[in-house]
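Report on one structure; see the data block that follows.
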Amino acid sequence: MRRFAIALAAAGVISVAGAGVAFTETMDWGKYQAGDKRSGYTYAQPETRAMQDDEFENPGFLLMESATAMWSKPEGAAGKSCADCHGDVSSMKGVATRYPVFFKPSGKMMNIEQRINQCRTEQMKAEPWKWESDQLLGMTVLVKYQSEGLPMNVAIDGPAAPFYEKGKAFYYERRGQLDLACSNCHEDHSGQNLRANILSQGMPNGFPTYRLKWQKVGSLHRRFKGCNDQVRAEPYKPGSDEYVDLELFVSHRANGLPVETPSVRN
Amino acid sequence: MKRSQLAAAVAVPLVMALAAGIGGGSRAQAEDLVAYQIVDGAIPKSLTGKPGDPAAGEATAVNRKLGNCLACHSLPIKNQPFPGDLGPDLASVGSSLSEGQLRLRLVDSKKINPDTAMPSFYKVEGLHRVAKAFEGKPILTAQQVEDVVAYLMTLKGN
């Protein structure tokens, strides 16, 4: 049913090629749209969307297979696995809709990748996984996938408030030799063509994502760094406070859109 | 008042030239920045003191590491598919804008519209977190700016 609907949508786009953006602007994107908010799915090429929707074609699902095995595999000095505390991975349902969250012991915001590594070092007494490793990406995809289809619902009140403000300031601050803020492209010009690419609204609800340009699944922070590099700005490290705060801002900005991990993007 | 502002504009590149000299002169770009005067929304005088080369300007405009104009604009050039549309089509920009107006738009478009997404192609001051490889360098040299201006002036539409 789902694949059938996508096939129809793809055929529609092809048949009116030339109407381009005007067509996609007026199209009913169903669950991929919440009010004015549109998932990156709605800006992707029809073939890219088809790849996301086919579980056998979408590389995110392959990555998730090894993570599923890892879920119940004991690791570290404590001899514990994820399953020993959390039971079946389906217990993670809803978690991804709320992250990043304020983490009292660190006094900072924490995203899913950091939560996973926090469990590894503190509960399992195991080595943390490296950022952008297949293990950390895979487990992040697996945890987020449990919330697939549920609306993003990130809180920015209470202790999160000052971090949200920092993320917001980052989003609107011009940077780099090209002197561009995130907002210049993803707010002011979304839906328009940057050369052959359609600028999306920069919604993070499908990350980690398989990006055709990367030929690999990658994290949201890798995407942040890529955008910073493109405007010739000095990037931050993945997992840095700056990027976690930015993740908080853009995740709250996506509230109402469904969790779409693992997505596929251009 | 006006005279002191002009003096300040001239002084900045001099200071940077001195700094570059003290630093061993490894970066020539900063001292190359030419002072200019804005008059009624335009920079009337050539940054190099002479006219640019339109053919070189077209090459600079198309080059993705230099002008990269096609990222946002249409240009009447064959074999360059999928131009962007963030900015206006430039097919007849040589008729609608003067040379001086085009020069200011290339040098520092934010002087005309502070909210524009268009980069300032000849500016090194007031930028935030520029990547080390590009620090102190404008996107285009004065010569490249003049070449692109000369090229755009040839675009008169049909």
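Glycine is no exception: its Cβ is also placed from the backbone N, Cα and C atoms.
What you see is a predicted model, and the numbers here were worked out from it, not measured in a lab.
Around A:CYS227 (active site, cysteine persulfide intermediate), the same-chain residues six or more apart in sequence whose CB sits under 8 Å from its CB are A:CYS182, listed in sequence order. According to TrEMBL, the feature active site, cysteine persulfide intermediate maps to A:CYS227.
Annotation for A:CYS119 (heme c 1 binding site): same-chain Cβ neighbours under 8 Å, separated by at least 6 residues, are A:CYS82, A:CYS85. Annotation source TrEMBL lists heme c 1 binding site at A:CYS82, A:CYS85, A:HIS86, A:CYS119.
Look at TrEMBL and you will find A:CYS182, A:CYS185, A:HIS186, A:CYS227 tagged as heme c 2 binding site. Taking all protein chains in view, 21 other C-beta atoms sit within 10 angstroms of the C-beta of A:CYS182 (heme c 2 binding site). Secondary structure from DSSP puts A:CYS182 (heme c 2 binding site) in a helix.
A:ARG223 (substrate binding site): 20 other CB atoms within 10 A of its CB, across all protein chains. Taken from TrEMBL, the feature substrate binding site applies to A:ARG223.
Look at TrEMBL and you will find A:67-152 (among others) tagged as domain 'Cytochrome c'.
For A:166-259 (among others), the entry in TrEMBL reads domain 'Cytochrome c'.
Look at TrEMBL and you will find A:1-19 tagged as signal peptide.
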Out of A:CYS82, A:CYS185, which has the highest number of nearby Cβ atoms, where nearby means within 10 Å of its Cβ, if these are the binding-site residues?
A:CYS82
For the recorded heme c 2 site formed by A:CYS182, A:CYS185, A:HIS186, A:CYS227, name the remaining residues of the chain with Cβ within 8 Å of the site's Cβ center, in chain order.
A:LEU180, A:ALA181, A:SER183, A:ASN184, A:LEU199, A:GLY202
Quick one: of the recorded positions A:CYS82, A:HIS86, A:CYS119, A:CYS185, A:HIS186, A:CYS227, which have a CB under 8 A from chain B's CB atoms?
A:CYS185
In whole Å, how far is A:HIS86 (heme c 1 binding site) from A:ARG223 (substrate binding site) when you measure between their Cα atoms?
30
With the heme c 1 site defined by A:CYS82, A:CYS85, A:HIS86, A:CYS119, which remaining residues of that chain have Cβ atoms positioned within 8 Å of the Cβ centroid?
A:LYS80, A:SER81, A:ALA83, A:ASP84, A:GLN123, A:MET124
